[in-house]
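Participant: First, the structure itself, so that you have it in front of you.
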Amino acid sequence: MKHKEFNTGTYRIIKHMFVASLMQLPALFFGGLMTIFQTTFNFYLERVLGILLEATWFLYLGLSLTLAIDRLLIFAAPYKKHINAKVTAILLSLSWLLWLFMVILESTPNFGYQYLHFYIWSNTNDPGALLVADIEAYYDPSFLALILLVYMLVCAFMVKMKASSSSSGSSKAELRIFYASVISFLYESLFSIWSFWVTPLVENQDLLVDVSSNVLWILDCGLFATVMLIFNVYLRNNVIESIRNCDVDCKIQKSTLYS
């Protein structure tokens, strides 16, 4: 991607968020296979996938906060790019350290994540895992509330700047990223509230509740990338061009093979 917009620290965060989304998909994909065959196949496979899924969710929350703070720095101190870059680098490192901490924690005895009833990923019934579940029920909403506070500050700076159609291309690019990140944040908030506060209140939880939670999680993994493609014409055109080039290469290989 040669466009200058893709060489910013913001897009470095976005790339990390894309990676975090992809890292959650293997567990959800194998979860689908486990549902079809009604087996977890192997104890260690289930354990590794569960650890990866839970730890990466914490990573994604950290990256979401990093992106929100990056938006705040862009609008609050647009000319202090060097300092902003350092802050972004520190927050990215802390997000991955949080991921590493969760991997180690979930790998220890009395902790873990399982594919419950062959329909939904959930904490095991071990004491440590239940403690993590209780903490996460408050941690996730609190984390998302902090992100909301940051975005409210961003909105205040945007009003102050009175961004208009005459804004520079750079400002418009920043606004596109801001809109995409806010939409993704709103969905993650609804997903978190549904998972930790709504479903426990449902009496006689049935298959529909478990399946809906899984579907919402899968959609969350692709939502941010999809919204970015919708809002960013340069990124969308780049992806379309890559697909076309891949299609041309495949046709050339087929013609060579059958010639």
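Going from the start of the chain as shown, residues are counted 1 onward.
Heads up, the Cβ atoms here are built off N, Cα and C, so glycines get one too.
What TrEMBL says about a protein is an automatic prediction, not a curated fact.
Look at TrEMBL and you will find 21-45, 57-75, 87-105, 137-157, 177-197, 217-235 tagged as transmembrane segment.
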Participant: What stretch, picked from 21-45, 57-75, 87-105, 217-235, has the most CB pairs under 8 A with the transmembrane segment (177-197)?
Facilitator: 217-235
Participant: Give residue numbers and ranges for long-range contacts of the transmembrane segment (217-235): same chain, 6 or more residues beyond its ends, CB-CB under 8 A.
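Facilitator: For the transmembrane segment (217-235), the far contacts come to 1, 3, 5-6, 14, 17-18, 21-22, 24-25, 28, 121, 173, 176-177, 179-181, 183-184, 187-188, 191.
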